[in-house]
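Some features that TrEMBL has for this protein:
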type: SIGNAL; residues: 1-19; note: signal peptide
type: DOMAIN; residues: 36-111; note: domain 'Cytochrome c'
type: BINDING; residues: Cys49, Cys52, His53, Met88; note: heme c binding site
Amino acid sequence: MKGNSFVWLVLILSLAVISACSNSENTNSVQIASAQADEVAASLYKKHCLSCHAADLSGLVGPSLKQVGTKLTEEQIIAVMNEGAKGMPSFTKMLSKEEMEAVAGWLSKNE
């Protein structure tokens, strides 16, 4: 499953880059690709984070992630996923670097 998510993420991000490079008339294509990347990140969140942080990001066992983008940078969010935190395991064996980046970007936008 991890491999499938990674493949989809790479494909979606590739489409976004190609669309952005072609010309300005393809703005809608970039927005669609961005929305699809958000869907992949949301799916990863549901699979790996929801049980502790809740569907609405309000927190259960883990802290609330609402407005986490105003408190932490994407790099800091990735560091927490890499290193773990109080009661939270490291996700280095469950998520690829690219998947962590996608989830961190998605969380940063969900203020």
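Glycine too: its Cβ is placed from the backbone N, Cα and C atoms.
TrEMBL entries are annotated by machine, without manual review.
The structure, with features from TrEMBL marked on it.
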residue	record	Cβ neighbours (10 Å)
Cys49	heme c binding site	20
Cys52	heme c binding site	15
His53	heme c binding site	22
Met88	heme c binding site	16
- Note on the structure: Its residues classified by DSSP, the domain 'Cytochrome c' (36-111) shows 44 helix, 2 strand, 30 coil
- Find the longest CA to CA distance in the recorded heme c-binding set Cys49, Cys52, His53, Met88; express it in Å as a whole number. 11
- Item | heme c site, defined by Cys49, Cys52, His53, Met88: further same-chain residues with Cβ within 8 Å of the Cβ centre | His48, Leu50, Ser51, Leu60, Val61, Gly62, Leu65
